[in-house]
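What follows is a single structure, written as C-alpha cells, with notes after it.
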Amino acid sequence: MEILTASLQRLKNEEAGQNTATGPGERLNGSEDSTEYNGTATPSSVNGFSRKSSAATWVSLNVGGQIFQTTRSTLTREDGFLSKLIREDGGLASDRDERGAYLIDRDPQYFAPILNYLRHGKLVVNPGISLEGVLHEADFYNLPGLSHLVLEKIKVHKTEEAQQRKTVYRVLQCHGEELTSFVSALSDGWRLDQLVPVASTIYTTDGQKEYLCVVSQECPHSFFNDERENMDRAKLLQQRARNN
C-alpha cells in the first residue's frame, strides 16, 4: 500500500509541474500554425498566408476622400509618384487619415484608370470619363507609359470623329449694310468662310453693293441622311402635285 500511495503522489506531482510550465500566452502542443492565449487558439496563418505579411502587402489610399485598396507590388510596378509614396525609406512625405490610408489630394474619378494600368498595363476608362483628364493625371503620377496610351487613344477618337463628320457649305447674298448683323447672327455652328464682293458694275436699286457670303458647318452623317429624306419627300410632293 505504501508503494502504491508513493507512486500515485509522484504522478500527481509530475502533472502539477507540467501545468505550471505552461502558463497563459505560451504555445501548446508545439504547433507552429496556432497560438493559444488564455485558452483561445488564434491562427497565425489563414489559407497559407501569414497575417503579418498580408497586412504589409495591402495599401490603402485616400484619393480626394475616396478609399482605394491595392497591393504594394501594384504601386511599385513603375517608378512613379505612387511607388515613391509608399517607400519605407521615406521617399515622399505624406499625411495619413485616421485609418492609416495615404492622403492624396486628386480627383478620385480619374484614379481608377491609374490603378488599372498599374495592375495589367492596359488603358481601361469607364464611359463618361474624359481622356484628357486621365492624361493630366498620368502626367501627375509620372507614368509615361500610360500617357502614351492615352495620347494614342485620343488620336484614334479624333480620327473617328473626323470620319463621321462632313462640312456643309452654303452661299448667301446680302447688302453691304447687312454684313455686320449677318455675321453676328451666325449660330448653331455656322461660320463665315469667305466674303466675295459682287462686281462693281452690279448695284442694287438703292445703291448698296452686294456680297456673296460663303458659310460652312460641320455636320454628322445623320444630317445628310435627314437632308436626303427631306429632298425625297419634296420630290414626291412635287410629283403628286403634277399628277393632280
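Cβ coordinates come from backbone N, Cα and C, glycine included.
According to TrEMBL, the compositional bias 'Polar residues' annotation covers 1-22 (among others).
For 36-48 (among others), the entry in TrEMBL reads compositional bias 'Polar residues'.
Counting residue by residue with DSSP, the domain 'BTB' (57-127) contains 23 helix, 16 strand, 32 coil. Look at TrEMBL and you will find 57-127 tagged as domain 'BTB'.
Per TrEMBL, region 'Disordered' is recorded for 1-48.
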**Fill in**
Mean pLDDT across the domain 'BTB' (57-127) comes out at 91
